[in-house]
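Handing you this structure, nothing more for now.
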Amino acid sequence: MGNVEIPNWLKALPLAPVFRPTDTEFADPIAYISKIEKEASAFGICKIIPPLPKPSKKYVFYNLNKSLLKCPELVSDVDISKVCKEDRAVFTTRQQELGQTVKKNKGEKGKSNSQRSGVKQVWQSGGVYTLDQFEAKSKAFYKTQLGTVKELAPVVIEALFWKAALEKPIYIEYANDVPGSAFGEPEDHFRHFRQRKRRGRGFYQRKTENNDPSGKNGEKSSPEVEKAPLASTSLSSQDSSKQKNMDIVDEMEGTAGWKLSNSSWNLQMIARSPGSVTRFMPDDIPGVTSPMVYIGMLFSWFAWHVEDHELHSMNYLHTGSPKTWYAVPCDYALDFEEVIRKNSYGRNIDQLAALTQLGEKTTLVSPEMIVASGIPCCRLVQNPGEFVVTFPRSYHVGFSHGFNCGEAANFGTPQWLNVAKEAAVRRAAMNYLPMLSHQQLLYLLTMSFVSRVPRSLLPGGRSSRLRDRQREEREFLVKRAFVEDILNENKNLSVLLREPGSRLVMWDPDLLPRHSALALAAAGVAGASAVSPPAVAKKELEEGHSELQNKEKTSLLEELSLFMEKLNDVYYDDDDGLLNDFQVDTGTLPCVACGVLGFPFMSVVQPSEKALKDLSERQGETDAQEIMTLSSEKSDCEWKTSSRYIRPRIFCLEHTIELQRLLQSRGGLKFLVICHKDFQKFKAHAAIVAEEVKVPFSYDDVLLESASQEELSLIDLAIEDEEKYEHSVDWTSELGINLRYCVKVRKNSPTKKIQHALSLGGLFSDTSQMLDFTTIRWLQRKSRSKAKPSSTSSFTPCEHLEVKADGKLRDNLDSQTGKKEEKIIQYSRKKKLNPKPSAEQVQELATLAKSKDFDKTCKNFSSRSHLDSAIRSEMNSEIGDSGRVIGVSFSINPCSSSFTVGHGQEHPEITVKFGSDLDGNVTNSLSMVNGDSADLTLTSISREQHQGHSMTSNNNGSNSGSHVVASQTILVSTGDNHDGPRKLSGDYVCSDVSVRGIQEAVEMSDQEFGEPRSTVTNIEDEQQSQIVKPTQREAVFGDHEQVEGAEAVSTRENLCSEIILHTEHSSAHVGMEIPDINTASENLVVDMTHDGEPLESSDILSSSNGDEASSNGLQVLNDELSMESEVSSSENTEVIEAPNSMGEAKKKRKIESESETNDNPESSIGFIRSPCEGLRSRGKRKATCETSLKHTETSDEEKKPIAKRLKKTPKACSGSRQQEVPTTTHPNRCYLEGCKMTFESKAKLQTHKRNRCTHEGCGKKFRAHKYLVLHQRVHKDERPFECSWKGCSMTFKWQWARTEHLRLHTGERPYICKVDGCGLSFRFVSDYSRHRRKTMHYVT
C-alpha cells in the first residue's frame, strides 16, 4: 500500500485545532468549550484530548452490552430462549453505498446512472450483530480491501476512501443512531438527571400509549404484557449473573474509563451540564439529550450535515480504529449549500429543496469540490480516547478507518443562542417538527443562575479560581441574552397593543378544556394503580423501617454534612426544584409563519370580516359561499370557529406585526395576545439581572388579565386545529404565510415555485438568479479626448485631476448590499460663483454628451489617457466594498471635462461632464447610469466675471485661470431623491481640503493676480481647515446663495501661492510629492490611509503656465497626527514648529472645538467650507533645520505664525532638536505607576485612569492601578510565568497558579484540616475550602 498517491488537495487541507485541557479546566466542559469557542469555531470543528488515558476495550464492551440490553426494540427479532444473556446485547446495522454507478456513453466520459452525483443510497439491511460478531466481520472486510497491512497512515486511508468513492460501488455496514452509551453510569452524581430521564421516558410512553393504533382484533397492546417474557427471562438469570457483575465493577473501579465516566464529560450527562442551554429540555431525545452509539467498520461514513437545531455536538471515540472528519466553518454554510446545490443536485433545484436534501444525510461529496469552490475546509483525525466538538451551523462529514465504537450527544453554549431562531426556521422549512423552544430554554437557564438564597449566606467563601471566572462569563452571556429577549418581546408587545381592539391575557396550559379532561383521566388511572398488593406494601413498610433505623444511627456531623451537600446542590447543580417552579412540559406553541416554538408571548390571529370578504373573492364558489354565510350569520360574534378555512391560527409577535401590515389595506385582522403564566416569575428577576449585566431595563409595564373561559376555549381550539389540520388549505395558505403548507406544496409539486409572503431569511428565494457581486466588473467611463473647437481662439489643457481612494476588499459583499451612501468628491475651483445652470441647459448638454459626434470630436484629448486606463483597470480589480471604495476620475478641458465615480453595488458609474461654450462660460451636465438618479450641484465659473480680479490672459492665449488657487469639497448623493438631509453612512471623516504649497512648488506673483499679497492674518484665518464631524456629514444641495454666504472671504485669502492637502482621520497618514514634469502639467501623488489600511496613491495633475514644481514635493500633516506616528513613519521626518507651538496648538484645538459647536446650522446643510477661505500667506521655508527654527519679527514673511508641518529630516539635523521630541509619546497613553497602555479615545483613557477595566463587557473596578494592569492578562491571555520544573513547558497568568502547579511535581500538600480526627491534607486551597464547606470543619 506504499504506492498510494496522495492528492494535492488532501495534502493542502489544514488541520483542525487541538486542545489539551488541564485537570482544572477539564472539570467544567461547558466553561472550557466556551473559552476555546472563538478560536475553534473559525474552523467549525476541534479536537480535545482529555488529561485521562483512553478506557480499556473490556470496560467499553461491558458498559455497551449493558446499555444495549436496556433497549428491547433492538432484540425484538432475536429468539431470547436460544441465546445466552451476552448474546442478547445486539444491534442492527444500516447498509451504505460507496462509489458511483457510471454508464459510459459514446463521446462522453461517463454519467451517473439514475441518480445525482453525491447522493448515496442508504437503507436498512436487517443485519443483527453482537459486538464480537460485527468486529469479526469488520476485520474480514478490512483484509479484503487493504490486505494484511495492519497500520496505515491516516492520510493514505483517506486517499483510498475518496478514490473508492469514484469507482464501482461497494457496500458497507454501519450501526449508526443506536440508543445507548459505552460510558458507565456515574456514582452518586446527577441524581436529578436520572429522575428527569425517567420522567421523560414516562412522557414518551404515555404519548405512545395514547397514539398507538389498536393491535389485532381491535385490542390495544399493553407495554407491560409485551415486556413480560423479556422481564421474566431477565429475572431468572439475574441471580446467577449478579455476583459476576459485581466482580467486574469492583475490578474496573479506579480505571481510566471509570474516572472518565464519573467526570462531567460523560456524554450521558453533557446535555444536562450546568451552563448548557439544553439542560432544561423537557423531553429525553436520543441523540440530543441522551447519547447514541455509532459502531463502524472500514469506510463506514456519515454524510455532510449539521446537527439538529444546529446545536453543538460532542463525539467520543471509545475504542477501535481512528476516524477522519472534514468540516466547513459556520460562516460559509450558505456558500457550501449553494456549491452542493449546483454541483451535486443540479441547478434546477432551488435553495429550499437543496437544504431539505442535505437534511436527509445522504450527501457524500469530496472536500476537493468544496475547496475548489473557494470554501475553506479542514480535516481532523480522531483517535480512541479523544473528543471531537462541532460548532453550530458547521457542516461536517467523515468515515472510519476500521472497526470502532464512538458516541455522540448534543449540547449548547450561550453562543448557540445567536443562531437558535434561524436554526428553528430552517428546521421547520425542512418539514421537521421543532424539538425545543430556544426562548424557554434561555429563560429557564437564566433562572438557574439566579440563586434562591443569597450566596453570601453560604458558609465558607467561594473560590476565585479559573473555573469560577469562566462560569461567571458564561452566566453573563446568558443573562444579557435573557434581558435583551424580554425587552424585544416588550417592544413588539407595545406595537401590537397600540392597535384598536387589542387584548392581552395570561393563560395557564393546565386550565385548557382538553388538557383538564386528560388530567382527570390520568388522575383516575393513577388512583387505580395506587392500590398496591399486600406484598408490595409490606415490602415498602420494611424498607421504610430499615431506613428509619439507619437515620437514627447517623451522627450529627454526618447529618450536617448531608445537609450542606444538598444545600449546595440546590444552589448550583440541582434543578429539580427549579423545574417544579415552572411548567416545562407545556406552554410552547409553534408559529404558523416560521415554525418556531414561541414562548412566553404568542397571539391567536384571525382575519377581519373585511379581509375575509376580500379572500372570498379569490376562492371557489363553495368556499366563498361558506365564508359569506358565516359572515352574515355571525356578524355579532367576534371570533368565527365553525369553519375550518377561517379558523384562528397561532403566530409569534414578530410575524403578527408583519401580518397586520400585510392585511392593513385589506381590512386588518383580529388578534388575542396570550402570555404564559410563568412570565410573571421570569419578569420578577429581570430588573435585577439587567442591573448585573449593566443593560438599561426600560420596560413598559402592561396590564395582564387572566384569560376567560371563552378565551381559553379559543386558545384550545387553535392548538387543537394546529395538530389536526396543519397541512390543510385555509386563509394562511391563501395569503402565503403558512410555512409548512408552502414546504408541502414545493415538495409535492416542484414546478410550483410558491413563495412565502414574509421574510424568512431568504429560504424561498431563487439563489440561481441572485447576483454574484464578486464577478461584476465595475464600469469606469474613459476620459473624453480633446475636442477641436470651432472657435479661432486656442486653449491649452488646464487641469486633469484623478483621485482614487481604495479600501480593503471584503469577503462578505452581500452584507453591504442596499446601502446608499453620499460620496465626497473634491475638485479645484475658482472663488467666484455663477448661478446654478437651468434644468434645460443640463439636459441639453447631457444629450450632447451621449451623442456619437461629441465622442469623435473629443477622442484625441488628454495625453494622459493611457495612465487613466491603467489606474481604472487597477481600480476595477480592487473595488469590492460599497461602503469604503470610491473611484473618482476628474478632468477639465476646454471642450469637455468629466469625472466618474466608481463605487459599490448600487451605482456602478456616475459621470458628470463640464463643458465650455464658445463664450467661455463653464457649464455643467449630469449623466445618469442604470436609471438611478444622482443629485449633484456644481459651480459654474464665468471667466468674464472673474477676469477682473483673479484671471488674466497670457501672451500665447492660454487661460491663466488654470492655476489652482482653492479647493472645494462637493458631496454627491448617489441614492434616491430625498427632500431632507441624509447623513453619510460610511466612516469617512474628511476635512475640507485646502491646498497649500511651498514657494518652490507653486509660485505666483502679485502682479499675475492683479493685487498685492497680504501678509496680515488673524486667528480666524488659521481655523479655516475644519474637521468634518459626523453631524456635519449631511448632503443637501440648495441654491448657490446658501453657499456664497459661507464662502465670503477677503480677496487676499483667495489668492494663495501654496497648496496643502489636509485629510482628517484618526489614523490617517498623508504624504504628497510633486515630481518634476513639464510646465503644462504637474503630477501630484497623494498617499493616504484609512482605518490603518494603506490606500493606493492617486494622481492629481494640475497645470500652471509658467509655474515651477519642486521635486521635493509638498508635505502634508494631519492636525491630530500623534507624535509617535510622526517619528515612526517610513520616511525619517521631524516636526518643525515655533517654540510656543504647543501653546498655540492647544489654543487652536480649543478654538476649533468652539467654532464647531457654535457653527451656523445652515453650514451643515450646504457646501463644506473651503480651506482656502481664510488661508494666510506665510514665509519661505529655510533650507536647513536650524534656520527654519528661527523666529525673526523684522521680516514680513517671518512675522506670520509658523505652521506645524511634516518635513524630511536631513542627515545634518540630528542634534538636540531631535532629542527634544519624545519618541514614545501618545495622546491617549497612560503613565500611571509605570503603565504604558494606549487607548483609542480619551474617554477610555479616563476610564482606565479611574482604575476601571475598559474591555467590552467587563467594567471591573480595582482599588489600585497596579491591580488593573495585572487584570489585563485575563483579556490579553498573557502568561508571563513559566514552570521551573525541568521538562515542563506550561505557562501561567498568575504567580499563585504556578505555585500550585509546582505542587503537582513535588507532591506537596500544605493544607491540612485542623479538626481533630480528620487530618486530611490537600494540595489546593480550593479543595480545602470545598472540604470545609461540605464537612463543616471550621476551627474557631
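Every residue, even glycine, has its Cβ placed from backbone N, Cα and C.
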What range among 634-641, 818-825, 1274-1281 does Swiss-Prot record as motif 'Nuclear localization signal 1'?
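Checked against Swiss-Prot: motif 'Nuclear localization signal 1' maps to 818-825.
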Which is it, of 784-791, 944-951, 1248-1255, that Swiss-Prot names as motif 'Nuclear localization signal 2'?
1248-1255
For the feature zinc finger as recorded in Swiss-Prot, pick the matching range from 446-468, 1044-1066, 1228-1250.
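Based on what Swiss-Prot states, zinc finger spans 1228-1250.
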Could you look at His396, His401 and say which one Swiss-Prot places alongside His305, Glu307 in the Fe cation site?
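Given His305, Glu307 bind Fe cation in Swiss-Prot, the matching entry from His396, His401 is His396.
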Return the count of C-beta atoms lying within 10 angstroms of the C-beta of His305 (Fe cation binding site), excluding that atom itself.
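Result for His305 (Fe cation binding site): 16 neighbouring Cβ atoms inside 10 Å.
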Just to confirm: which same-chain residues, 6+ apart in sequence, have a Cβ under 8 Å from the Cβ of Glu307 (Fe cation binding site)?
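Spatial neighbours, sequence-distant, of Glu307 (Fe cation binding site): Ser313, Thr390, Pro392, Asn410.
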Using a Cβ cut-off of under 8 Å, list the residues of the same chain at least 6 residues beyond the zinc finger (1251-1275) that approach it.
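469, 476, 694, 1232-1233, 1235, 1237, 1239, 1244, 1293-1294.
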Measure the Cβ-based neighbour count of His396 (Fe cation binding site), defined as the other Cβ atoms within 10 Å of its Cβ.
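Excluding its own Cβ, His396 (Fe cation binding site) sees 25 Cβ atoms within 10 Å.
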Using the Cβ center of His305, Glu307, His396 as the Fe cation site position, which other residues in that chain lie within 8 Å, going by their Cβ?
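Nearby residues not in the site list: Trp304, Val306, Ser313, Thr390, Ser394, Tyr395.
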Roughly where does the domain 'JmjC' (262-428) sit in mean pLDDT, to the nearest integer?
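When the pLDDT values over the domain 'JmjC' (262-428) are averaged, the result is 93.
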